[in-house]
Amino acid sequence: METKLLKQSVCIAIVLFLNCFGNARASLGVTSQKAKPARASKPVLHPADRLSLDYYHASCPQLEGIIQQKLQALVKKDNSLAASIIRLHFHDCFVRGCDASILLNHQGSERSAEVSKTLRGFNIIDEIKSEVERKCPKTVSCADILVAAARDTTIMVGGPFWEVPFGRKDGLISIANEAKNVPHGHENVTQLIKQFEINGLNISCSAIQQRLFNYNNTRKSDPSIDISYLHYLKKKCTRLDNYVHLDVATPRIFDEVYYKNLEKKKGLLLTDQLLYSDQRTASLVHALASQPELFIIQFGVSMVKLGNVGVLTGKDQGQIRLNCNYVNKA
């Protein structure tokens, strides 16, 4: 199997960008109908509002240092781990929110689902958690560790910094069937937007077989794929379990070239390519392709937004797991 590469994170970035769809359209000058002014009402505290940048300053001041030290050694050996951790974070937050439910390891959990079989990085989170428990027992959640690890590994491979507020609790439930809610690369733009409104990845050749050999049941290739890129993919995908880079141009670099590939009809997944052909998202792809600084800024903004999805922060919500693989015994 080919080495898993950094462009996993760039693929996720474009999907995350949809989560900021309304704000991004406004910043790019794309307007919609004027909304009616909302009536004044008593503010409701959102669960994410309970998160805090200094949440562990007194109880575990060395937390971020522990995480960074562990990750630096591991990423130095294999820098593709950065993308794997980001992907793990993405899968966690997209199902039930950022509650570390993806880390629960039991029969019928999200982790056991078919779509989760290519995930990795669980052992890394376990190593960090073990060290944190030694220094700060029964204090730091697995959910917080995973969010911070995603940020730190991104920085280690040249990505942007963003502040991570803490205070998430770990969930008690993990259901394999719910893992299917994570985007797989076959969705159209409407489905993606709807999914995010509700809430590099290296890709196996099995995920793009229909595009290559039986697009829309025509027994032909997807005509929207650049012909030279199509030949390259067919050569690479002689076996279903082979892997191909999401970014054919700069697979080892954290950059905006992923979006430039879409403009050249070299998007690996159909979902990717549709982002450029759909008028609702084409302007965003063009902006990211032509403005590297916008991509860097928006990636950080999107990751903050992702880390706040469905967090458990109430007094009676979740728990601080002692082992990320299992719910604490009563």
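In case you wondered, yes, glycine gets a Cβ from its N, Cα and C as well.
Owing to the predicted nature of the structure, the values given are computational and were not obtained by experimental measurement.
Annotation source TrEMBL lists active site, proton acceptor at His91. Per TrEMBL, the feature Ca(2+) 1 binding site maps to Asp92, Val95, Gly97, Asp99, Ser101, Glu110. Feature annotation from TrEMBL assigns substrate binding site to Pro183. Positions annotated as Ca(2+) 2 binding site by TrEMBL: Asp247, Thr250, Asp255. According to TrEMBL, the feature disulfide bond maps to Cys60-Cys136, Cys93-Cys98, Cys142-Cys324, Cys205-Cys237. Annotated domain 'Plant heme peroxidase family profile' per TrEMBL: 50-328, in sequence order. The signal peptide annotation in TrEMBL covers 1-26. As annotated by TrEMBL, site 'Transition state stabilizer' applies to Arg87.
When Cα-Cα distances from Cys205 (disulfide bond) are compared across the binding-site residues Val95, Glu110, Asp247, the shortest belongs to Asp247.
When the alpha carbons of Cys237 (disulfide bond) and Asp247 (Ca(2+) 2 binding site) are compared, the span between them is 15 angstrom. Neighbour counts were taken at the CB atom with a 10 A radius for the binding-site residues Asp92, Asp99, Glu110, Asp255; the maximum falls on Asp92. Only Cys93, Cys142, from the recorded positions Arg87, Cys93, Cys136, Cys142, Asp247, Thr250, place their Cα within 10 Å of the Cα belonging to Asp99 (Ca(2+) 1 binding site). Note: the CA-CA distance between Cys98 (disulfide bond) and Asp92 (Ca(2+) 1 binding site) rounds to 6 Å. Taking the C-alpha atom of Asp247 (Ca(2+) 2 binding site) as reference, the shortest distance to any of the recorded positions Cys93, Gly97, Cys136 belongs to Cys93. Taking Cβ-Cβ distances under 8 Å and a sequence gap of 6 or more within the same chain, the neighbours of Val95 (Ca(2+) 1 binding site) are Ser101, Ile102, Glu110, Glu178, Ala179, Asn181, Val182. Most other Cβ atoms within 10 A: among the recorded positions Arg87, His91, that distinction falls to Arg87. The number of other Cβ atoms within 10 Å of the Cβ belonging to Cys205 (disulfide bond), over all protein chains shown, comes to 18.
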